[in-house]
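Undergrad: Sequence annotations record features per position, and here Swiss-Prot assigns ATP binding site to GLY40, HIS41, THR42, GLY43, SER44, GLY45, LYS46, SER47 based on sequence analysis. Look at Swiss-Prot and you will find 3-245 tagged as domain 'ABC transporter'.
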Amino acid sequence: MGITLKNVSYTYQAGTPFEGPALFGVDLEIKSGSYTALIGHTGSGKSTILQLLNGLLVPNQGSVEVGSTVITADSVNKDIKQVRKKVGLVFQFPESQVFDETVLKDVAFGPQNFGVSKEEAEALAREKLHLVGISEDLFNRSPFELSGGQMRRVAIASILAMEPDILVLDEPTAGLDPSGRKELMRIFEELHRAGMTIVLVTHLMDDVANFADTVYVLDKGRVVKSGQPAQVFQDLDFMESIQLGVPKITKFAHELAEKGMNFSHYPITIEEFKEILHG
């Protein structure tokens, strides 16, 4: 299942003295089975797009097509609820997403809310908690007693338990140590390989290079560049002009080029750089 935004604009508190335009005529396509990254500086519109993807917000103008469901300014709650089941959104701050008495109840809540029996919901919860690396001895603990990294995993499991077609991730590894970040990114990559559509918002350009097949660059509420990461990251000057930059190895290759080394194109991963050196 994919998502298409057509000429989408959004203004917070529209029609009031406090209105704040956030998006302007955005066109964007997330293809079924893709791993799409959305990148942009603070205030670029990334978070607004994420909330539009799963119906937390509806566009003031334009449409958001999720599979066969079309969301516009006039959409009814029935359509929006279906979108929320298909598109799972993991917020950047997990404490805003967990709430129940125990870890197991928290993860089982979502499936039950969509009509799954208590027994089946608990089975799904156990499966997804194991998937994200939460051990059974934590199942009956309060989620608020967990570490930040564990709480993040519980929040992800609670979304996966609803078995969405699309997983939307807002800075999913923020605040994690390197090993925790690597493990979570591995889980997302496995989900993608199994056929799930992934949408990733991140400030880490190396993650975009290593995992995404498509990237959209946002600036001041508009899409200013899009394409494959290998294409987008060739324009180092532009990416730095909007305070994003490029992967570390791309920056390093650019510095080598300034010292006389020839590149037909700048590598975006370490593996690609090795191939160029040995090619």
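Just so it is clear, glycine is given a Cβ too, placed from its N, Cα and C backbone atoms.
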Undergrad: For SER47 (ATP binding site), what is the tally of other C-beta atoms lying within 10 angstroms of its C-beta?
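TA: Here the count is 19.
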Undergrad: Identify all same-chain residues not among GLY40, HIS41, THR42, GLY43, SER44, GLY45, LYS46, SER47 whose C-beta atom falls within 8 angstroms of the centroid of the ATP site's C-beta atoms; report them in sequence order.
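TA: So the extra residues in range turn out to be LEU218, ASP219.
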Undergrad: Using DSSP with the three-state reduction, classify SER44 (ATP binding site) as helix, strand or coil.
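TA: The residue in question, SER44 (ATP binding site), is coil (DSSP, three-state).
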Undergrad: For GLY40 (ATP binding site), what is the tally of other C-beta atoms lying within 10 angstroms of its C-beta?
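TA: Its Cβ has 24 other Cβ atoms within 10 Å.
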Undergrad: By a simple count of other Cβ atoms within 10 Å, which of GLY43, GLY45, the binding-site residues in the record, is least packed?
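TA: Among the binding-site residues GLY43, GLY45, the sparsest Cβ neighbourhood within 10 Å belongs to GLY43.
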Undergrad: Using a 10 angstroms cut-off on Cβ to Cβ distances, just flag whichever of HIS41, LYS46 is the loneliest among these binding-site residues.
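TA: Counting other Cβ atoms within 10 Å of each of the binding-site residues HIS41, LYS46 gives the minimum at HIS41.
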Undergrad: Please identify, from the binding-site residues THR42, SER44, the residue with the sparsest Cβ neighbourhood, meaning fewest other Cβ atoms within 10 angstroms.
TA: THR42
